[in-house]
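Visitor: Pasting a structure here, questions to come.
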Amino acid sequence: MRTSYLLLFTLCLLLSEMASGDNFLTGLGHRSDHYNCVRSGGQCLYSACPIYTKIQGTCYQGKAKCCK
């Protein structure tokens, strides 16, 4: 009986984490914006882009800029 309560508690914790929006099933097949930036030859910066580079997108869920 104690084992079933432990399993139920674990399942509830897992489902509550998944309800936050960024769960495992919606994340399948999606790459992070940081990965896409670096793969395309850019770099993620929190400050302004250096001279002779342009903003190509965002990184870290919109908190930084992808400079290329």
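Don't overthink the numbers, they just go from 1 along the chain as shown.
Cβ atoms here come from the backbone N, Cα and C positions, even for glycine.
So Swiss-Prot lists these for the protein:
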{"type": "SIGNAL", "residues": "1-21", "note": "signal peptide"}
{"type": "DISULFID", "residues": "CYS37-CYS66", "note": "disulfide bond"}
{"type": "DISULFID", "residues": "CYS44-CYS59", "note": "disulfide bond"}
{"type": "DISULFID", "residues": "CYS49-CYS67", "note": "disulfide bond"}
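How about a rundown of where these features are and what they're close to?
Guide: Secondary structure at CYS37 (disulfide bond), taken from DSSP and collapsed to helix, strand or coil, is helix. Around the Cβ of CYS37 (disulfide bond), the number of neighbouring Cβ atoms within 10 Å comes to 24.
Neighbour list (CYS59 (disulfide bond), Cβ cut-off 8 Å, at least 6 residues apart, same chain): ASP33, HIS34, CYS37, CYS44, LEU45, LYS65, CYS66. Secondary structure from DSSP puts CYS59 (disulfide bond) in a beta strand.
Neighbour count (other Cβ atoms within 10 Å of the Cβ, all protein chains): 20 for CYS67 (disulfide bond).
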Visitor: So among the disulfide-bonded residues CYS44, CYS49, CYS66, who's got the most Cβ atoms within 10 Å?
Guide: CYS66
